[in-house]
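Asker: Sharing a structure with you now.
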Amino acid sequence: MAQSSTNKVSYFESVNKVLYEGKGSKNPLAFKYYNPEEIVGDKTMKEQLRFSIAYWHTFTADGTDPFGAATMQRAWDKYDGMDLAKARVEAAFQLFEKLNVPFFAFHDRDIAPEGSTLRETNKNLDVIVTMIKDYMKTSNVKLLWNTANMFTNPRFVHGAATSCNADVFAYAAAQVKKGLETAKELGAENYVFWGGREGYDTLLNTNLKLELDNLARFMQMSVDYAKEIGYTGQFLIEPKPKEPTTHQYDTDAATTISFLRQYGLENHFKLNLEANHATLAGHTFEHELRVARVQGFLGSVDANQGNPLLGWDTDEFPTNLYSTTLAMYEILQNGGLGSGGLNFDAKVRRASFEEEDLVYAHIAGMDAFARGLKVAHKLLEDRVFENIIDERYHSFRDGIGLEIVEGRANFHTLEQYALQNSIIKNQSGKQERLKAILNQYILEV
């Protein structure tokens, strides 16, 4: 049985508290670039980056894949049922402390097992939520967001809010109702809706309009219930184009924003954008961030990376400095993420089965984003790309371009202008020069 909070089991005993030692350090259990108290711009790194550990990949994953059995035997796995759930809480808060992360995130079924009935399941959840709340009282860690797992249990074979079965819709509503109560209880700064199985495999058996309408009804019910109980955290939707269904309804940032506007939900939701999901959608991560940012929907980030050579969600820890730099470039221009953060929705590789690998992985991701933050800040401070972009679009600052921007032009006036100016001269986009500059900043800042 898991020990009480007064007689804790020690986990990660080979790991001391991870400290910043600088880029010259050879210590694999130290930060090289992430210095939480270092000021970048007008805030500390800790304030700018708002790192979060994902409960599911870190404390429940066992390395199972479609081709093989579990490879990861964690110290807490000797327990089962509710004892296992309690042991995971102990392990989680010890790792939070050792990595000095300010936030964590979870699905409801990550922290507590399902019972034979919804009532029993909720009772299990209440026990663990109370335990987590007690641990939070003596910890600096906060809940970035929680969400509902409405994709693992076979009842969700056809989806949850988009299921063809009204009984499933009702069950999903009850589950999210409990999730919102949990969010309020633990002070979650956000609540996430991930599509899970909200999509379809073939139109031959799908009433697409009804499913989308029902999804919107479900979201509105969530908004209404949050207001009813006084939960004021930010609602977030996490886009994904495919997997597990062939066509997920929240395909990408643009699709999801369109859905929110179509159903009048745009004032209640922002987006939680994942790098690997951008890859699956055929976009760069910075594209998704930019689309959300310029429309006012950038809320939070699931920090990971995908493998462009593979067609599935690999959820690797983020180590690509180009990606972290360009991501932070967007986030800084957004004025930060507000109540959102950088949640490591990432898992160690199946062959990285030792507990220390969990620490190495988070250090790598935190260092990569710390480096990206500093480079992005310097790029913005020097107006490297802004000056070039301003010059590239200079034709819209006066003359016919200004008339277009101000809405004073029409097809008649534009035709007359074109007839009088038949010689058009374009300028180079200078992509290669810009990439060389980006390289220089990444290498030198």
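Cβ coordinates come from backbone N, Cα and C, glycine included.
For H107, D110, the entry in Swiss-Prot reads active site, with the evidence type sequence analysis. Feature annotation from Swiss-Prot assigns Mg(2+) 1 binding site to E238, E274, D302, D345. Feature annotation from Swiss-Prot assigns Mg(2+) 2 binding site to E274, H277, D313, D315; the stated evidence is sequence analysis.
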Asker: Work out how many Å separate E238 (Mg(2+) 1 binding site) and D110 (active site) at their Cα atoms, rounded off.
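Answerer: Pair distance, Cα basis, whole Å: 18 Å.
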Asker: Translate the DSSP assignment of D302 (Mg(2+) 1 binding site) into the three-state scheme.
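Answerer: D302 (Mg(2+) 1 binding site) sits in a strand per DSSP.
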Asker: Specify all same-chain residues, apart from the site residues E274, H277, D313, D315, whose Cβ lies within 8 angstroms of the center of the Cβ atoms of the Mg(2+) 2 site, ordered by sequence.
Answerer: K240, A275, N276, T279, L280, D302, N304, G306, T314, D345
Asker: Spatially, and counting Cα to Cα, which of the binding-site residues is closest to D110 (active site)? Options: E274, H277, D302, D345.
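Answerer: Going through E274, H277, D302, D345 one by one, the Cα closest to that of D110 (active site) is D345.
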Asker: Taking just the CA atoms, what is the gap between E274 (Mg(2+) 1 binding site) and D315 (Mg(2+) 2 binding site) in Å?
Answerer: 9
Asker: Quick one: pull the CA-CA distance for H277 (Mg(2+) 2 binding site) versus H107 (active site), whole Å only.
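Answerer: Given the Cα positions, H277 (Mg(2+) 2 binding site) is 18 Å from H107 (active site).
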Asker: Including all protein chains shown, what's the count of other C-beta atoms within 10 A of the C-beta of H277 (Mg(2+) 2 binding site)?
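Answerer: Taking all protein chains shown, H277 (Mg(2+) 2 binding site) has 31 Cβ neighbours within 10 Å.
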Asker: So among H107, D313, D315, all listed as recorded positions, which is physically nearest to D345 (Mg(2+) 1 binding site)? Use the C-alpha atoms.
Answerer: D315
Asker: Rounded to the nearest Å, what's the C-alpha distance separating D302 (Mg(2+) 1 binding site) and H107 (active site)? Just drop the number here, would you?
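Answerer: D302 (Mg(2+) 1 binding site) to H107 (active site), Cα-Cα distance: 14 Å.
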Asker: Can you name every residue in this chain, apart from E238, E274, D302, D345, with its Cβ inside 8 Å of the center of the Cβ atoms of the recorded Mg(2+) 1 site?
Answerer: W194, N272, L273, A275, N276, H277, V301, N304, N343
Asker: Quick check for the class: what is the C-alpha distance, in angstrom and rounded, between D313 (Mg(2+) 2 binding site) and H107 (active site)?
Answerer: 18
Asker: May I ask for the distance between D315 (Mg(2+) 2 binding site) and H107 (active site), taken between their Cα atoms and rounded to an integer number of Å?
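Answerer: Here the two Cα atoms lie 16 Å apart.
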Asker: Sequence gap of 6 or more, Cβ distance under 8 Å: name the residues on the same chain that satisfy this around H107 (active site), in order along the sequence.
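Answerer: Long-range Cβ contacts: Y55, W56, N146, T147, A148, N149.
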